[in-house]
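Student: Attaching a single structure in structure tokens format; questions to follow.
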Amino acid sequence: MYESIIPFPDETASTVDKYCCSHSTSLPPLFADHAAWTVDKFQTSYMMCCPLQAQMCVFLASDRRARRVLEIGTFTGYSALAWKEGMKAVGGEVWTCEAGPRAIAASKEAFAKYDPEGKIHLVEGPALQTLREINAGPFDIIYVDARKAEYIEYVEIILERHLLAENGIILADDTIHLGLVADRSSTNPHSAREDIEYSLQHADNVYKFNEWAVKHPQLDVLLLPIFNGVTLIKIKSQT
């Protein structure tokens with residue numbers, strides 16, 4: 001279908017999301033339990049990826065036979081658990097970094113409960129510091145979901161330190177940001193949000209990253225209008 005980006009009203013989008021989840025390989029029960037716990041404990045639970053996105057993470061890690069995943073931004077550990085699930089056949093490991101004290105405490109609790117094998121390694125501290133110091137790579141998948149103003153620096157360090165494995169892939173999350181990177185007019189209902197100034201600041205940072213990434217001579221980039229925008233990045237072939 002040539003006009004392939006189909007907008008749904010909220011009610012239809014919710015129904016379509018449930019349909020997609022039910023027609024994708026299901027997640028183990030621990031994901032529903034941990035999501036419910038996060039919603040109960042955190043007013044900012046919207047920062048957690050949705051079940052369908054977790055299903056995507058599991059699928060990608062499994063399909064690519066990943067053995068090492070680096071996650072920039074842990075929150076309560078939901079997506080880290082998804083990456084681990086996708087690598088269970090090969091015994092892969094996840095390194096996930098987080099700076100927020102509440103998120104660190106929550107993710108520690110989650111990993112103690114759901115990762116008794118110790119396959120998930122929580123790295124505490126700012127993401128930029130972690131990227132400059134981590135020596136566990138190279139990584140088959142690097143998932144970026146932290147401070148939008150630092151996205152460019154994250155990828156620069158990844159390239160500089162050769163943290164991405166050969167044929168590895170970077171996923172940058174939230175790269176459409178409510179559609180505000182492309183449309184800030186009144187036709188976008190999010191342009192009337194109460195927190196519009198905050199949202200526009202995020203959109204500005206994401207816009208700069210998108211422009212930088214697509215023009216980078218070393219990178220192949222695919223920006224997809226799924227979830228809140230997901231950008232797939234790989235290093236260009238040298239042949």
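One-based numbering along the chain as shown.
Cβ atoms are placed via backbone N, Cα and C, with glycine included.
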Student: May I ask you to find which of E98, E109, E153 Swiss-Prot records for the S-adenosyl-L-methionine site already listed with E71, G73, T74, S79, A127?
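Tutor: So, going by the record in Swiss-Prot, that would be E98.
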Student: Given the recorded S-adenosyl-L-methionine site (E71, G73, T74, S79, E98, A127), which additional residues of the same chain have their Cβ within 8 Å of the Cβ centre, ordered by sequence?
Tutor: I72, F75, A80, T96, C97, Y143, D145, A146
Student: What number of additional C-beta atoms lies within 10 angstroms of the C-beta atom of A127 (S-adenosyl-L-methionine binding site)?
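Tutor: A127 (S-adenosyl-L-methionine binding site) is surrounded by 23 other Cβ atoms within 10 Å.
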Student: Might you list, by sequence position, any residue in that chain lying six or more from E71 (S-adenosyl-L-methionine binding site) with a Cβ less than 8 Å away from its Cβ?
Tutor: S79, A80, W83, V94, W95, T96, C97, I142, Y143, D145
